[in-house]
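Inspection log for the structure reproduced underneath, given as structure tokens.
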Amino acid sequence: MDTGKCSRCKDNEATVLSRRELFCQDCFIRFICGKQRKHMGSDRYKVKFSDDVKREKVILPMSYGKSSLVLLDILISMFEEQTKNPRAKIGFEVDVVHINDSKVISYQNEVGSVLRKLKNHYALEKYPITFTDVGIESILNTGDVSSLTLHKDFTSTSTRGSSSVTMDDIFEGCPNRASKKDILDVIVKQLIERYAVAKGATSILWAHSMTSLADEVIALTVKGRGSEIFKQLTDGVVPFGESEIDVVHPLRDCSLGEIEKFVQMKGLEEFLLVPSDSPERMMNKQKTINEVVENYFKTVDSSDDNIVSTVVKTGAKLGEPRNFDGKVCSICNGKIYNDPMNWLKNITHHSNLPPETEVEKESLREWLDMNTQTGITDQESASTNEIDLCYGCAVTVGGFKQGKIEWPVRRDAKHEVEAILSEFIIDEE
Amino acid sequence: MRLCCPSTCPMEKKPKVSQLCELCHCRKAIVKRPKNLQKICKLCFYEVFETEIHNTIVSNNLFFEGERVAVGASGGKDSTVLAYVLKLLNERYHYGIDIVLLSIDEGIIGYRDDSLATVKRNKEQYQLPLEIVSYRELYNWTMDEIVSCAGLKNSCTYCGVFRRQALDRGAAKLGINHVVTGHNADDMAETVLMNLLRGDVARLEKSTSIMTSSVGSPIKRSKPFKYSYQKEIVLYAHYKKLDYFSTECSYAPEAFRGTARELMKNLESIRPSCIIDIIHSGENLVLKPKKVRKQFRKKDVTEVEVRSDGSVSLFKDGNRCERCGYLSSNRICKACTLLEGLEKNRAKLKIDTDTSTDGAAKTTRELEQLSF
């Protein structure tokens, strides 16, 4: 890199080249913070002057990965700024929520120690920040655990299962890391949203960088979840049941490269929660779909961030698909559009040619004998209900052993609020 | 039981139960179906492959009785299988359509002349009439000349624009209003991904439609293989022993499409259904309604957008090119614009028996024929 003065302050030596511009460390940090400020510029996050004003309740989902740490760092710096005026009061409070998935994914370090270091590093007691750890197994309490099956004719049913199902049971039939990640994504998203609703939060701040949003757009497309892209990329007020929550991606204009530089400059590496698996050393087959897409962007987009930003911009132009069927997926709770199972049925043909020769007839008899004995042929029990699955979830479950997954099916909406309240409220005020 | 010797009739050897086809449970499975990894026998594979295409044709009302249909035939596996299957299904299900093979000769020596020979053999094998339209007669250029004039990098741009028009003109010449092409599920999925990666918003919504037609054009296009996996097409051609030409075009394949293809290959190894999944996503991509800024629009003034290259956008379906009369969204169609650029750069003088414009394919073929 050719060295020179920072193009912003024209004072300090430049240390970073980003978007064809030279930055010194301070100006670069300011530049990234500016990107976040742009997306959190609404009045909800500004300082308040009256005494009886209620602070906005903001949820920050935290994976202790690079971008969520950067966002936390920026939010703390925002608090610092807001306390500079002695008459002003900080405008919002942050609940940093970590979905603890250490029971299903192994990490090199553990969240507890990371959190202790984090608390020592920042003077957090001055600011309205709380940290919450939600165990991933709490998803099991969100509904009645049932056995969901996707049948060969693309119908799906649920059978009420036992109450002693564990997280391991959910992932038992999982064919590979890619499907595991699909289910984990669904769980994390649901837990965060439910938590936000239960806590009466007014905002959720997702820390995705531009690069990870681009990954999401392509990965969702590949998973058959194209109809969900608009939801993922549209910032704004979204209804969740009876409440409304402002969903924001404050780092959506920053590339992963910039986030990494920020982490380096601020020395945030020690707060990273590092998974034991590293996809670089894996065979392609063992990777998740998101990892393959990520890798693709790395190879295609080495010089500029052109493709990445194009994908995000394109994705942001998408809207809600037409023809909402009025049905909701039993796994991800997403809306189902255009009757996907019927679509699949129309393009897949399962018929066969009947046996012709004696040998073929004998083979068929032998097969029938063996398979009625072991009971492989579908036998429906009385307690089976028909359910609806969205295309993406059907693809995931279809890959599971025998097309089966144990899953907490949500009770109907009326019971929902009560269930959430009883689940999360420990003590009434 | 039929009497036969096991050595001459392997079909009659009884397979183990674990080896049986997952659909009919009576014959030995010999193919792992790329679409869902089901292990099935050859006959069931033919049955599902053909019936799925039939279902696609019927449920989308692709044909009407008495319709004349041109199959865009390149001699490659997709179009060869398409011609074969269409003829078969037409006879089996009585569509009552009249099938003609339509080939385009781009003028790539060592590549297209060989593949055209395949199409000519197909004409005899399937007893279908064949029409060949060449770039030379339509545009007075061959692809070899275009590449030597405009360079290798943009070859696919020229070829794509010209072929699209050539197919329509060929069909019009035959008095046919319907061109079917062998685009398969892999191509469709690739296009969906590419449109997203390139930010081609205009094509995003329509990239997966099975039939395209325009108000102003009498010629519609359809893709009966929209849901057929490329691998299944290859397997079908292999087992049916169809005669096809399997060399890739010798000019640079579109680099960007190459990377998208590579990405899809990696994804398919994780989840074979991803091709259909991507198409499903593609069919559910809908653009947000455009925000109209009213204060800037004056009433009753028709605005005309002038693009950076000087072309004028008309936003009118069915508009015709001022020069050649072909369907175009601009005053002058893309092919005429490209041709104009080419003409400007055409060499004023030419050496007799000049072979310098011959492409790499010819050299390769000559080298192949060398022997010790």
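Heads up, the Cβ atoms here are built off N, Cα and C, so glycines get one too.
Annotations in TrEMBL come from automatic prediction, not curation.
Straight from TrEMBL, the features:
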- B:69-254: domain 'tRNA(Ile)-lysidine/2-thiocytidine synthase N-terminal' (DOMAIN)
- B:GLY72, B:ALA73, B:SER74, B:ASP78, B:ILE104, B:GLY182, B:ASP187: ATP binding site (BINDING)
- B:319-349: domain 'Cytoplasmic tRNA 2-thiolation protein 1 C-terminal' (DOMAIN)
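Ranking the binding-site residues B:ASP78, B:ASP187 by the number of CB atoms within 10 A of their own CB puts B:ASP78 at the top.
Reduced to three states, the DSSP call for B:GLY72 (ATP binding site) is strand. The Cβ of B:ALA73 (ATP binding site) lies under 8 Å from the Cβ of B:SER79, B:THR80, B:LEU82, B:ALA83, B:LEU101, B:LEU102, B:SER103, B:VAL119, B:ASN122, B:LEU130, each of these being in the same chain and 6 or more residues away along the sequence. In the three-state DSSP scheme, B:GLY182 (ATP binding site) is classed as coil. Note: the domain 'Cytoplasmic tRNA 2-thiolation protein 1 C-terminal' (B:319-349) comprises 12 helix, 3 strand, 16 coil (DSSP; helix = H, G, I, strand = E, B). According to its DSSP assignment, B:ILE104 (ATP binding site) is in a strand. Regional average pLDDT for the domain 'Cytoplasmic tRNA 2-thiolation protein 1 C-terminal' (B:319-349) in the model is 80. Note: B:SER74 (ATP binding site) has non-local neighbours B:SER103, B:ILE104, B:SER115, B:VAL119, B:GLY182, B:PHE245, i.e. same-chain residues 6+ apart with C-beta under 8 A of its own C-beta. Taking a C-beta cut-off of under 8 Å and a sequence gap of six or more, B:GLY72 (ATP binding site) has these contacts in its own chain: B:SER79, B:LEU102, B:SER103, B:ILE104, B:LEU167, B:VAL179, B:VAL180, B:THR181, B:GLY182. Binding-site extent for ATP: residues B:GLY72, B:ALA73, B:SER74, B:ASP78, B:ILE104, B:GLY182, B:ASP187, maximum pairwise Cα distance 20 Å (rounded to the nearest whole number).
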